[in-house]
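Features reported for this protein in TrEMBL:
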- 1-172: domain 'Josephin' (DOMAIN)
- CYS5: active site (ACT_SITE)
- HIS107: active site (ACT_SITE)
- ASP122: active site (ACT_SITE)
Amino acid sequence: MRQLCALHALNNLFQGDQSYTKGELDDICNNLSPNVWINPHRSVLGLGNYDINVIMTALQKRNCEAIWFDKRKDPSIIDLDSIIGFILNIPSDYKFGVITLPLRRRHWIAVRRIGDSYYNLDSKLRQPELLGNEADMLQFLREQLSDELHQRELFLVLEQQSGENTDQRWIKQSYRKAVV
């Protein structure tokens, strides 16, 4: 069973000419940990299951970066116009055919705006799930992040920038002084 959800999440964010290949992500794994017998950045069998280090390096190759979002904050502080999209790391059941095994693994999904609407671009869905407008998408993120039983992580995907105050460019101007 191939575990390529990180690849799918990246490709769902960028699509077209900007898409990635499994070979690119495998090369990133090898560059992150050269000369190791078992690479810590993907599954032991080399079937995928890439970690956040691979995703962050892949994003850098497209002049983007992932910023971890502190789930103690409300998503309403996010300046949505500064965001390319979101990558969520969520728990996922481990299935073998129709049988669900009592193992938990992690799954990467992408959320992005297309036109005026936001979509959940989870590769496990048959088709993209329309989340709706900004308010609907922010509510979706709140629900995802409030699930304390199943640890979830949110990463904001932005274009890379250098200079002063770039670490807060994703925060709405009205919140910047209050949030440090």
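Backbone N, Cα and C define each Cβ position, glycine as well.
Remember, TrEMBL labels are computer predictions, not curated facts.
Sequence features, as recorded in TrEMBL, placed on the structure.
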residue: CYS5; record: active site; Cβ neighbours (10 Å): 24
residue: HIS107; record: active site; Cβ neighbours (10 Å): 19
residue: ASP122; record: active site; Cβ neighbours (10 Å): 20
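Distance noted between the C-alpha atoms of CYS5 (active site) and HIS107 (active site) is 6 Å. On the backbone, the CA of ASP122 (active site) and the CA of HIS107 (active site) stand 9 Å apart. Across the domain 'Josephin' (1-172), mean pLDDT in this model comes to 85.
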